[in-house]
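Since the structure comes first, as structure tokens, the remarks are kept for the end.
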Amino acid sequence: MSVSAIRIPANGSSAKAAVIFLHGLGDSGDGWSWLPQLVSQSKLINDPINYVFPNAPKIPVTINNGFAMPAWFDIYELGNPHAKQDVTGFFKSCEVLKEFILEQHNKFNIPLEKIIIGGFSQGAAISLATLALLDTKIGGCVALSGFCPVRNEITDRYNKNPGVNFDTPIFQGHGTVDPVINYDYGKQTSELYKQLGFKNLKFNTYEGVAHSASEEELADVIKFIKNIVEK
């Protein structure tokens, strides 16, 4: 499966790092294309960065009465970790993200340790899982309002073939009043990945924030990116 993407190349000179960020259900890459401008306005990061915002394919989504919408995998029941899950679609999207990582490394000569993957909601779920399954070490992972709908499958795959990113920095952020992906579901997801052995995962709580990214959370994300890009 190949997908299109919004690409915002580094300004002025060759990129030294890359951020690949996956949107949530029903959104598009364009929905997060403002992120580079926010990073620039912060004046915290000087190194040039390639930004890639992939577009999920339009697929029939069960909670949308079967009508097609942009989605990284089908959802049968919103926010329920025990519901039926689209395991096949989920792992297909993980493979797509792997392809974008390799593209940045092979085509643009970005060091793997300077590549950060991430996403919001569905995109966060894919990013966390992909990090667990990679056989190459990368720079970091950002998971905003994320979850893990394939808990058993991730555990089984990881135990059979542990990845190499067990000490890779992971930023997970979640609002306490998220009505879509419950805060506790996000917290359980962080505990799952910690149990798998990801010792450099930090779960960040944002009081009063719903299913969105607050200014405080985004400021923390920029600092996280800076620490990886400029180390």
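Quick reminder: no glycine exception, Cβ is built from N, Cα and C everywhere.
Database features, via Swiss-Prot:
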ACT_SITE  Ser121  active site, charge relay system
ACT_SITE  Asp178  active site, charge relay system
ACT_SITE  His211  active site, charge relay system
Spatial separation of Ser121 (active site, charge relay system) from His211 (active site, charge relay system) - C-alpha basis, Å: 8
Ser121, Asp178, His211 as active-site residues, winner by CB count within 10 A: Ser121
Cα-to-Cα gap, Asp178 (active site, charge relay system) vs Ser121 (active site, charge relay system), nearest whole Å: 11
